[in-house]
């Protein structure tokens with residue numbers, strides 16, 4: 001019995017040290033350390049130092065707790081941009097930052113020290129808060145580095161840094177002396193749970209159950225339209241504010257009805273009469289008279305709670321007939337419209353709510369109650385006086401403190417404000433120059449700025465940058481630049497703690513001491529801190545505006561907003577040229593993540609289990625302009641996509657071990673020329689997608705190309721790669737294409753999967769090889785020639801027809817695979833007849849005839865290359881090609 005000869009050693013089998021198993025969790029740590037040891041980030045900056053800049057400015061995450069999946073999405077997107085721009089040759093330094101002041105850290109310290117803010121010295125609290133914030137920053141820094149960021153995080157910025165704080169005070173000073181910052185009494189968002197004012201960006205809306213009460217105020221001084229003892233019908237969802245009532249607003253041109261029921265006359269807007277009567281359950285009523293709102297002006301009534309005082313009817317521009325009664329109860333310190341109208345009409349301003357939400361002595365018998373707890377007691381009080389027309393509870397969207405998640409109120413207090421109205425035209429003009437993605441980004445920002453009148457920047461807390469204001473002996477604000485400059489110098493030297501550590505005289509220049517001045521105790525809003533980064537952050541060789549701000553969609557009312565206000569105020573221009581936003585990260589079912597639901601996906605767990613490159617590929621695959629989903633199954637799907645890319649890279653590397661690109665001097669022919677043109681088109685499309693920040697399209701274009709490549713070109717190439725002579729023309733043309741494809745693939749994936757790209761690059765016998773793939777240059781776009789694609793369409797149409805027929809024969813078990821087939825083709829095409837169709841279609845035998853036909857090929861299988869040949873062509877059991885190859 002003859003032994004079968006083993007021809008394996010005569011074949012050109014793939015060889016590479018690039019492993020099939022990625023081992024990302026192990027390799028990522030190794031490569032990260034190598035990059036840090038070799039100072040790769042600094043080498044990239046040095047290489048591009050004199051080139052055009054592209055700077056992504058990092059919006060500072062809050063230094064509290066581990067990073068979550070939203071942080072990972074954000075930082076990876078930024079890193080992809082920075083890496084891509086660096087490969088393009090841009091000088092693209094990335095300086096990460098942290099937001100380090102604010103209530104969450106302050107509350108954390110109070111909780112750990114088991115005290116409230118009144119039981120601890122401010123200086124001690126601040127020292128502990130700083131220590132905590134710095135520790136949290138270090139934790140997050142390590143977690144960010146594990147995302148395989150390009151930056152080495154050596155150069156960072158912190159809002160608690162004394163240099164940053166000093167620059168923030170310089171901004172405050174400029175805005176103050178430009179008349180943009182002022183102190184005033186005004187109702188603002190007030191959080192009883194935080195005992196501080198809030199800015200709009202710190203307010204979130206959740207469903208909340210509130211009381212709805214219809215009551216009436218008895219007229220004590222009428223006119224020709226209404227009489228004493230007639231009743232003004234009022235609707236409110238904040239009964240606790242009735243304590244502070246001092247007026248009722250009507251619409252000047254709204255028609256009102258005097259309607260009689262239950263032996264009394266009631267005043268209500270005519271358009272709301274039927275609805276109100278239906279709510280009250282009143283079926284029989286009589287309209288006694290109708291008149292305009294202007295006819296009610298000056299009418300006096302008995303106040304609902306402080307019954308010994310009277311209120312007055314005034315004109316209200318905000319009164320509508322959408323709901324309620326058309327008469328609006330006014331408590332001037334508990335609503336913006338109430339405040340403005342109250343000032344115009346000199347209405348009493350009553351503040352009966354303490355900082356913590358409890359009622360003070362102004363609340364008479366309700367003193368000591370929490371404001372919301374007083375609602376039911378006030379209802380009972382009104383019922384005793386027969387003043388409750390209707391009462392119920394209803395659920396509606398209501399503002400909450402974004403940190404404590406507790407309801408907030410409008411409350412008039414002395415606060416420091418930025419006047420947006422004064423600077424609004426300049427901001428809107430700058431917004432017109434900004435490019436935004438998605439396309440609605442700029443309009444959204446402009447709308448939010450247009451709708452802002454003021455920005456409350458003072459906070460009644462301890463952990464933050466102080467408002468550097470002194471008051472003289474008459475309690476007047478001191479307007480002296482020299483005083484400001486002296487404080488700024490002290491902060492630059494000692495940090496903002498100096499404001500709390502030193503006495504007033506110690507903070508003042510010598511000529512201002514001993515004047516019995518006092519200092520402001522409020523601190524600045526953290527959004528003023530983070531909004532100051534275009535002033536406070538210095539990057540070598542970089543000036544405002546930065547090229548890109550990239551943050552979550554919530555930052556249109558947050559960082560995007562505060563940054564452009566502060567930058568226009570200080571620099572006179574926008575801090576960014578391009579605005580990019582991403583959505584929120586939801587679970588696999590599209591639900592918001594929460595610990596209660598148990599659907600939180602931890603980026604650290606993904607990295608530990610699969611590797612950062614997998615997490616980064618998931619990010620690149622997301623259509624991030626919208627909300628995105630992540631789950632175990634989505635990550636596993638990403639792993640599969642990753643494997644396909646990795647396997648193709650491994651195949652390319654394995655078959656280039658004997659190829660020297662510098663020695664290639666052949667002209668591409670046939671299918672090889674077509675593949676080269678296809679690569680040009682793919683590179684063009686990928687470059688366009690990268691430049692459009694469409695990373696999903698980058699991955700889609702690359703994977704589609706590699707998939708098509710594997711299913712056709714690489715499949716038909718295996719025969720030549722493995723079985724041809726090493727230096728055969730066919731083999732070298734294939735390797736030329738494979739080299740170019742691999743070279744392009746590695747720079748394409750480098751911004752997205754930096755570890756995998758570097759791992760493959762280490763194993764790539766590349767011409768003019770750099771120390772790292774990340775020091776390579778991104779290819780430039782060239783337009784492909786579509787003439788070849790049109791020419792070759794005829795072949796691919798034929799291929800589809802042939803394979804359709806072959807599949808039928810395989811299903812009928814007449815043949816096992818394509819090279820078992822003898823295919824007869826009906827064609828008169830010179831192009832098709834000029835091709836090596838047997839090779840291109842991987843068919844056993846090709847004939848030309850009158851119709852397309854597939855038959856079994858009565859053949860001999862070459863034991864070396866496994867191709868099927870005519871029995872008459874066998875030479876010592878081999879096909880002629882294999883015989884010549886091993887005997888040459």
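Placed from the backbone N, Cα and C atoms, the Cβ positions cover glycine too.
Within the listed segments 50-60, 61-71, 72-82, Swiss-Prot records motif ''HIGH' region' for the stretch 61-71.
Record note: among 582-586, 587-591, 592-596, 592-596 is the stretch given as motif ''KMSKS' region' by Swiss-Prot.
Within 8 Å of the centroid defined by the CB atoms of 862, 865, 879, 882, the record's Zn(2+) site, lie the Cβ atoms of 723, 863, 864, 866, 867, 869, 878, 880, 881, 883, excluding the listed residues themselves.
Between the CA atoms of residue 595 (ATP binding site) and residue 879 (Zn(2+) binding site) there is a gap of 67 Å, rounded to the nearest whole number. Remark: residue 551 (L-isoleucyl-5'-AMP binding site) has 59, 74, 558, 559, 560, 581, 582 as non-local neighbours, by Cβ distance under 8 Å and separation of at least 6 in sequence. With DSSP states grouped into helix (H, G, I), strand (E, B) and coil, the motif ''KMSKS' region' (592-596) comes out at 0 helix, 1 strand, 4 coil.
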